[in-house]
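S.K.: Here TrEMBL flags 81-340 as domain 'Fatty acid desaturase'. Marked as transmembrane segment by TrEMBL: 48-65, 77-97, 166-191, 218-235, 247-267.
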Amino acid sequence: MGAGGRMNEARRERDVFKRVPIEKPSFGIADLKKAIPPHCFKRSLTTSFYYLFRDLGLIYAFYYIATKYITQLPQPFSFVAWPLYWIAQGAICMGLWNIVHDCGHHCFSDYQWLDDTIGFICHSFLLTPYFSFKYSHRTHHANTSSLEKDEVWVPKRKHDTWFYEVLSNPVGSFIMLVFRLFFGFPLYFMFNLHGRIYKGFPSHFNPLGPIFNDRERAQIWLSDAGVLTFVYALYRIGAKEGLQWVLFVYIYPLMAMSAFFIMFTYLHHTHPSIAHYDSSEWDWLRGALSTVDRDYGILNNLFHDVTSAHVVHHLFSSIPHYNTVEATQYIKPILGEYYNYDYTPILKAIWRDTKECLFIEEDPEKKGVYWFHK
């Protein structure tokens, strides 16, 4: 039994690193859509509101526990309780963030105004510029894995990565991982870190920046106003309750949420087995298939399966999150080797991919196709 288990584990480990096919698939998007039952594409206002209120209720419950009970705990019990609260509340906030991500794709309800209203309020509460992300994320979905036009997690080529020799060691990898997890979220929105190269100032908070077109700029101003409103509210609360209250109850859980966001978006689009393409070879379907599904255990449910059903989300972003797992099961037989699932434990996976995926190099046998290297 023991030997067999080790053999199976070794076989699975080899499968994880097997490169996905880069040839144009024999199936098309219409074939995949035909395989998915029509009900998977239907939005349910009742179901969407159930998950929204579930997450809001959990956020309030943990807030109540923190302010009512954890603040009263003596040391050293509070040293344990507070970090547990930050992680748990951060994970739940990440779930709420993902529901709002559905709003941006207009798959929360049949009403665009309702999706945008809920998305604007909830994302502003999480200090995320709603319309700014909605529009840049749309570009990401339209250009996934394109080296020239993708919007996020665009890998560096070796000749552009002057620092890879410094980081290609355990200490460098650890520093890069910690920096990415704790600063990647705010730096992405403020300075487009890990994003596409633009001329000008490509900030999600810059309405006049190159990320957006003229029709979108008024809503970018609105996004900024929403975030600033909540920042001002935090300032007023801090003036009354103190800086420590704001940090412990709100900021540190938000930092945990940010780390979760960076972790799973990075792991969706960074893997030794997936390809990136330049303009000579890229097409939408192969780009969308250059993503990875992963198992986060109980966090799959808290994150509304954006982690375990990300491939189908890139193929059909209009499917509500509560139907993506079911839809995945219908397309997997058609995708075959084009479907990429990695069951490596998450902490092991993010450490491995941080070390293994420092930059990309062109396939020596296929021009325009690039693979990760270290």
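The backbone N, Cα and C atoms fix where each Cβ goes, and this holds for glycine too.
It should be emphasised that the depicted structure is a prediction, and the values quoted were computed from it without experimental measurement.
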S.K.: Below 8 angstroms Cβ to Cβ, which residues of this chain, lying six or more residues outside the transmembrane segment (48-65), approach it?
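M.R.: Answer is 85, 88-89, 92-93, 95-96, 99, 102, 108-109, 118, 122, 249, 304, 320-322.
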S.K.: Using a Cβ cut-off under 8 Å, which residues of the same chain at least 6 positions beyond either end of the transmembrane segment (77-97) come close to it?
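M.R.: Same-chain residues near the transmembrane segment (77-97) but 6 or more away: 52, 55-56, 58-59, 62-63, 65-66, 70, 122-123, 126, 128, 248, 252-261, 299, 302-304.
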S.K.: By a Cβ-Cβ criterion of under 8 Å, what residues six or more beyond either terminus of the transmembrane segment (218-235) are in contact with it?
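M.R.: Sequence-distant neighbours of the transmembrane segment (218-235): 120-121, 123-125, 127-132, 135, 204-207, 212, 246, 250.
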S.K.: Using a Cβ-Cβ cut-off of under 8 Å, list the residues of the same chain that are 6+ residues beyond the ends of the transmembrane segment (166-191) and lie near it.
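M.R.: Same-chain contacts beyond the ends: 128-129, 132-133, 152, 202-205, 255, 257-259, 261-263, 266, 350-351, 354-355, 358, 374.
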